[in-house]
């Protein structure tokens, strides 16, 4: 039986099972900013050699969050690591898997070279980026071991990460369901600045397997625009626009996002508005961040937006133990790619604040 057909049969069986147990479907998923802020702190902690200060500041003692394991493996031929850690709470009956983001400029460069087109089959779910697939395979055993511990078998699972960490989270979560370690309704995923991980076939399979999943995007963060999607050539940009075009929801050749985007067009300070991006194309809502045309020759603002979420510089915040008294430099002057943010936000019909 072909792999794609085997996966389709497996997926149909899985959906039948989940319907009996009351699957947590997309229509039930509600973005929780308080929860997202906590997961951002945990994602920041992954950049530190010692994650315990962030864990202690993120959760109350009553939740009894305990560090279960840490991992760091060589990701590529220059020795860049794929790393993360796993936290467990017996009180909440919850396991949280956290992946670290890009740590060095050389690693960012390698990601750029190898994310041009999804080309590696991911267990019959569709094609994904080879570099991300390699990182997933090298870290998977640590996740599998943790979720297979008998006393934790019924615990809910959260998966999170920033940047590269978000990409690894995006592969880890559907693999958990695919391998039968958890049912769909037991998993929640929130990522920050996640790049496109696979093609549209992977996107559709992911959405079925992990319905509670959000990609948080800060304004003009450049990374979620990479690798580029195939543009819908049937779309005619309006007169006077910058010529930006939506992703083609049919093409299987390029990158295509999965999960619901949560877009913050501003600086993500306390009280800033955000959008739940459920418009078309599905998972690539052209009324949200994908409406911005990114100039890869001038990415200062886009890189700043990528490193700064919820008012903190993510890697430095984690290295500083997630100390809320830390101060960070403000954003550069918003020009070019972000000049459209105000008008886009103003005409967007779906605002949840």
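Cβ coordinates come from backbone N, Cα and C, glycine included.
Lifted from Swiss-Prot, the feature list:
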{"type": "SIGNAL", "residues": "1-22", "note": "signal peptide"}
{"type": "CARBOHYD", "residues": "32", "note": "N-linked glycosylation site"}
{"type": "CARBOHYD", "residues": "64", "note": "N-linked glycosylation site"}
{"type": "ACT_SITE", "residues": "163", "note": "active site, nucleophile"}
{"type": "ACT_SITE", "residues": "221", "note": "active site, charge relay system"}
{"type": "CARBOHYD", "residues": "267", "note": "N-linked glycosylation site"}
{"type": "DISULFID", "residues": "277-288", "note": "disulfide bond"}
{"type": "ACT_SITE", "residues": "306", "note": "active site, charge relay system"}
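In terms of Cα distance, the recorded positions that sit within 10 Å of the residue listed as 'active site, nucleophile' are 306, chosen from 64, 288, 306. Nearest in space to residue 306 (active site, charge relay system), taking C-alpha to C-alpha distance over the recorded positions 32, 64, 221, 277, 288, is 221. Note: the CA-CA distance between residue 221 (active site, charge relay system) and residue 277 (disulfide bond) rounds to 16 Å. In the three-state DSSP scheme, residue 267 (N-linked glycosylation site) is classed as coil. When the Cα of residue 277 (disulfide bond) is compared against those of the glycosylation sites 32, 64, 267, the shortest separation belongs to 32.
Separating the Cα atoms of residue 64 (N-linked glycosylation site) and residue 267 (N-linked glycosylation site) is a whole-number distance of 32 Å. Sequence-distant neighbours of residue 267 (N-linked glycosylation site) (same chain, six or more apart, CB under 8 Å from its CB) are 219, 308, 311, 331, listed in sequence order. Look at residue 306 (active site, charge relay system): DSSP puts it in a helix.
Least packed by the Cβ count within 10 Å, out of the recorded positions 32, 163, is 32. Distance from the CA of residue 32 (N-linked glycosylation site) to the CA of residue 288 (disulfide bond) is 18 Å.
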